[in-house]
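Peer 1: Submitted below is the structure of interest, expressed as structure tokens.
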Amino acid sequence: MTVESTAAPAKVNLMGLSQAKLEAFFDSLGEKRFRATQVLKWIHQMGVTDFEQMTNISKPLRDKLSQVAEAVAPEVVNQWDSSDGTRKFLIRVGGGNAVETVYIPDGDRGTLCVSSQVGCSLDCSFCATGKQGFNRDLTAAEIIGQVWQAAKSFNQFGVGAQRKITNVVMMGMGEPLLNFDNVVDSMNLMMHDNCYGLSKRRVTLSTSGVVPALDKLGEYTDACLAISLHAPNNALRNELVPINKKYPIEMLLASAKRYIDGLPDVRRKMTIEYTLIDQVNDRPEHAHELAELLKDIPVKINLIPFNPFNLSNYKRVSNNALRRFQQILIDAGYTTTVRTTRGDDIDAACGQLAGQVNDRTKRSQRYKIDKNALDASNADIIPVKLVDEADVSITFNG
């Protein structure tokens, strides 16, 4: 006797669908494509996820949508407010996992730091996220859902609402370019006029240097770029950012320059992020070496004092060493800022995000990249093999 499953098919989550994908969804329902614009505005501008409240959509279509689709953001399970106004959200993403999202106010500017993965496989030595191991990529709905939940928290939805989130940075948990498609779709929703409408100069992707993905990035988006550098030479960067052993500094900076060369003149400059660690990379010779390294590249430099966390023996840079390092770069002609530590009393400062990572089946201390894939200039999939032989893939869907 054969028992047939009576389980209903899974509903399509519209939260993370781009305009093109949402139009294709309505095509599949035999509906007009303009419905995609209506639904995007309801979800991302009005904060409405209940189809019954989407009043400019006919009742029969609302009923149909309720049967086959949903609009669901991941759930905020905890929230902490810092004495300096920083707000950290703990967001559940399933499987007992959670990621952290941080809002940082600064005058009339409010920056949201968004996560792209549950944990991270890159294991940068100064970052708490890497110590948690790696579980999986976030879906586009889980990435843009962080923005949606933060906007809801600040009552940003609706006509005439004050915009509190003025900038978004992909600098939370995970390496964005190892979750290429979902990150690109999410960033494009952030900048879409029918969604959050952020200027392209107000959305920034930060990468430790997955060069094959960075080489493809300009085909899919033109957001701003930040390079998580942290060292002026390969020997030191190999220790701090292990992916440098596969994509050394020269290869990374060449790829980054190709990307910014494709941007409009007004945005043709990248940010170099440099975490200063006491007695590790904070000496005057490091500053001089960094100035020489970047001399032919349009950059601004953001110095980040190391923020201590459990499991790390590194120490915060001294104020004297920080000021000396900054002055050397300024004297060399670089715009050089210091990132003010915000939210450290709630473990929300840069490098402190850890979330909750369960089932670390893809945890890695180091990984290997298939050289044959790197040599294939037109490869669509570049497999990344972790030491435990679990696989992660960078996939480009054109």
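Glycine is no exception: its Cβ is also placed from the backbone N, Cα and C atoms.
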Peer 1: Return the residue out of Ser199, Ser206, Ser255 that Swiss-Prot annotates for the same S-adenosyl-L-methionine site as Gly174, Glu175, Ser228, Leu229, His230, Asn307.
Peer 2: Ser206
Peer 1: Consider each pair of residues in Gly174, Glu175, Ser206, Ser228, Leu229, His230, Asn307, all listed by the record as binding S-adenosyl-L-methionine, and report the largest Cα separation in Å as a whole number.
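Peer 2: The two farthest binding residues have Cα atoms 19 Å apart.
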Peer 1: How far is it from Ser206 (S-adenosyl-L-methionine binding site) to Glu100 (active site, proton acceptor), counting Cα to Cα, in Å?
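Peer 2: One finds 16 Å between the Cα atoms of these residues.
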Peer 1: 10 Å Cβ neighbour count around Glu175 (S-adenosyl-L-methionine binding site)?
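Peer 2: Excluding its own Cβ, the number within 10 Å is 27.
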Peer 1: In angstrom units, rounded to an integer, how far apart are the Cα atoms of Ser228 (S-adenosyl-L-methionine binding site) and Cys124 ([4Fe-4S] cluster binding site)?
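Peer 2: Cys124 ([4Fe-4S] cluster binding site) has its Cα 10 Å from the Cα of Ser228 (S-adenosyl-L-methionine binding site).
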Peer 1: For Cys113 (disulfide bond), which of these recorded positions sit within 10 Å, Cα to Cα: Glu100, Cys127, Glu175, Leu229?
Peer 2: Glu100
Peer 1: Among the recorded positions listed here (Cys113, Cys120, Cys124, Cys127, Leu229), identify the one with the smallest other-Cβ count within 10 Å.
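Peer 2: Per-residue Cβ counts within 10 Å for the recorded positions Cys113, Cys120, Cys124, Cys127, Leu229 bottom out at Cys124.
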